[in-house]
Amino acid sequence: MPVVKLAPNEVCMNSAMSACAKAGQWEVALSCLSVMPAMKLSPDKMSYSAAISACEKGGQWQLALSLLTVMPEMKVTPDMISYKAAVRACKQASQWHLALVALSPGHKSLGGALAPELSALLALGPAPWAEDLRTVLAPFLSSWRENPKRPTVVLEGLGKERLPGVAELVLSYMMDNKVEANVIHHNSAISTCEKVGNWQLAIGILLRMHEIQVKPDTISYNTAISSCAKAGDSWQALNILRRMAEVQLQPNQISCNSAITACEKDGQWQMALALLGMMPEMHVVPDEITYSAAIGSCEREGKWQLALGLLEFMPEARLMPNEYSYSAGMVACEKGDRWELSLNLLSMMPRMRVRPDRINYNSAISACATGAHLELASQILQHMSRIQVTPDAVTYNCVIAACSATGDSTQALGLLRRMADVQLQPDQISCNSAITACEKDGQWQMAVALLGMMPEMNVVPDEISFSAAIGSCKQEGKWQLALGLLELMPAEGLMPNFITYNSALNSLHETDAGTSLFRHALELDVFPGLLERGEHRLDLHDLSSGAGILAVRWWLAEVVPQLLADDAKPPRYLMIITGWGKHIKDGSESQLRRAVGELLEDLGLAEAVRKARPGSKEDAARAGLFVWGQRKLDPL
């Protein structure tokens, strides 16, 4: 069989040196670099960068700097990767002064460098020189005076590195040393702030432009508004938009879209819609992004009617809704408890020549979960596979949430296994939903087992994880296990909260341990709303049935007798507020209300109770009441 000899090329050698860099094998990397000329191969930027990176990881800062300085002699221009690797090597060895010498514009080997080397130096964050920025900037000052483009590249580099504070200091240093900082420099600094949502600094730079008589342009204002949008500060975004008119700058689509996005994130749907309506007066034509952001503002507040209205109006405005528009409308319908309308929007998309993407399908599945329609959610998941839309972790989480809503532990656990099969990493949402499904399905063993397996899955349990597992122990009366899980939480760095105590008391309410735990919860003020409106009103909203029973027993045994003993000011009535349950619409009683009613009957207080029905005046403020009038207090 003939032997085939393959000659390595530059790509092969660079890949080998990159592997050496990752493994910290700097000697092998340098050997590869040194033999390339003998093999008639020309080292390039990638070759030197890989070798410098290998020296950095091997702690060879002298060799790293030597390779950097020899690059221009070999007619290879250093790039940001080369500079960063060399500077990191100096940083590790605390050799900042040598890094500054090697990277300064006057260094003969580098021949008057431009800006990437300074960006590389500043991008490494806090360092010994951070307290005296002048030390770092001084060597570059003369080159900046000669070529204004150099500080621009530095500021843009800091933007890529997301260092707005350093960019602002660079601007200040330029002005202190009479280096002209023009509108482009300021825009680069504002853009750096925008990338990290630092609207305060962005606005500060914008205002300072007026003070030093550098006239901001539309880009300046648009970037500042965009920074407010990323931070979700609608007031500041709208204020800057108004300021544009004051300085006679014409807002454009970017200005208005960014401001509407700020309103969307800030939950100001009224302002978002008002700005959308004002755009024609501002001589700005709304586009698909405008409407999508406005629909998104309705989504956040569950204003599904308005969201659908905007979607329907878009074709009249000669605009076609896109994937984001439909997704925002679907989420608005979900939050408005209209899951079926979300599915209608999904089915409408192909007819409107819009191909649903993964986000659209995820929104539809999430709506099914909200409506506790597991079968529909599963069908959508299967449909995604058929049309080659790859589900992601969010997709599976939504389907598992549907399992949680319906109490189907078998399918929930099956989906968790399937995530591993398709190499998707489960997260807290995945596991918590699956544990909740086990809780509702009465599978306490599986719930506790899954809680224990979470660290092996690289998922850190949280309070919700423990609460669901503790709640599952009620099904089989495993109150000792519930108490043990509660006591385990501090060791895991978690503090039991309202939800956790609620779940634990639901399992322990028939035991002495439950009574003690309830008193401990009172001492910790876990249930601050119990007597929020006066000691004559016991508000059990959001309590589990077990926690509610313990609260009623405590109230009747300790609070009510003291009220009745006050002859000077006896209460006109006593009231227990249970609520009807957030998701009960047919007039049936919630588990809590039913449990409290049975307890009062066992205590012989049923005849003294007058129950408020839905729609009554008493129900207008808070539904689900047990009320005793003044003449009926004796049985207590």
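One is the number of the first residue shown, and numbering goes on along the chain from there.
For all residues, glycine too, the Cβ spot is worked out from N, Cα and C.
Feature annotation from TrEMBL assigns domain 'Smr' to 538-626.
Residues 50-51, 53-55, 57-58, 60, 63, 67, 74, 76 of the same chain lie 6 or more positions beyond the ends of the repeat 'PPR' (9-43) yet place their CB under 8 Å from a CB of it. Here TrEMBL flags 9-43 (among others) as repeat 'PPR'.
DSSP labels the residues of the repeat 'PPR' (44-78) in these numbers: 26 helix, 0 strand, 9 coil. Positions annotated as repeat 'PPR' by TrEMBL: 44-78 (among others).
The annotation repeat 'PPR' is assigned in TrEMBL to 217-251 (among others). Computed over the repeat 'PPR' (217-251), the whole-number mean pLDDT of the model equals 91.
According to TrEMBL, the feature repeat 'PPR' maps to 252-286 (among others). Away from its own ends, the repeat 'PPR' (252-286) comes close to residues 218, 221-222, 225-226, 228-229, 231-238, 241, 244, 293-294, 296-298, 300-301, 303, 306, 317, 319 of its chain (Cβ-Cβ under 8 Å, at least six residues beyond either end).
With a threshold of 8 Å between CB atoms, the same-chain residues lying at least 6 positions outside the repeat 'PPR' (287-321) that come near it are 253, 256-257, 260-261, 263-265, 267-269, 272-273, 276, 279, 328-329, 331-333, 335-336, 338, 341, 345, 352-354. The repeat 'PPR' annotation in TrEMBL covers 287-321 (among others).
Secondary structure of the repeat 'PPR' (357-391) per DSSP (helix as H, G, I; strand as E, B; remaining residues coil): 26 helix, 0 strand, 9 coil. The repeat 'PPR' feature in TrEMBL is assigned to 357-391 (among others).
According to TrEMBL, the feature repeat 'PPR' maps to 392-426 (among others). In the repeat 'PPR' (392-426), the DSSP tally of helix, strand and coil residues is 27 helix, 0 strand, 8 coil.
The repeat 'PPR' annotation in TrEMBL covers 427-461 (among others). Residues 393, 396-397, 400-401, 403-404, 406-413, 415-416, 419, 468-469, 471-473, 475-476, 478, 481, 485, 492, 494 of the same chain sit 6 or more residues outside the repeat 'PPR' (427-461) yet have a Cβ under 8 Å from a Cβ within it.
Sequence-remote contacts of a segment are chain residues at least 6 beyond its ends whose Cβ falls under 8 Å from one of its Cβ atoms, and for the repeat 'PPR' (462-496) they are 428, 431-432, 435-436, 438-439, 442-444, 447-448, 450-451, 454, 502-504, 506-508, 510-511, 513-514, 517, 526, 544, 546. Annotation comment: TrEMBL describes 462-496 (among others) as repeat 'PPR'.
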* Mind tallying the repeat 'PPR' (252-286) by DSSP state, helix then strand then coil? => 27 helix, 0 strand, 8 coil
* To do: Run through the repeat 'PPR' (462-496) and tell me, per DSSP, how many residues are helix, strand and coil.
  => 24 helix, 0 strand, 11 coil
* What is the three-state DSSP composition of the repeat 'PPR' (427-461), stated as helix, strand and coil residue counts? -> 27 helix, 0 strand, 8 coil
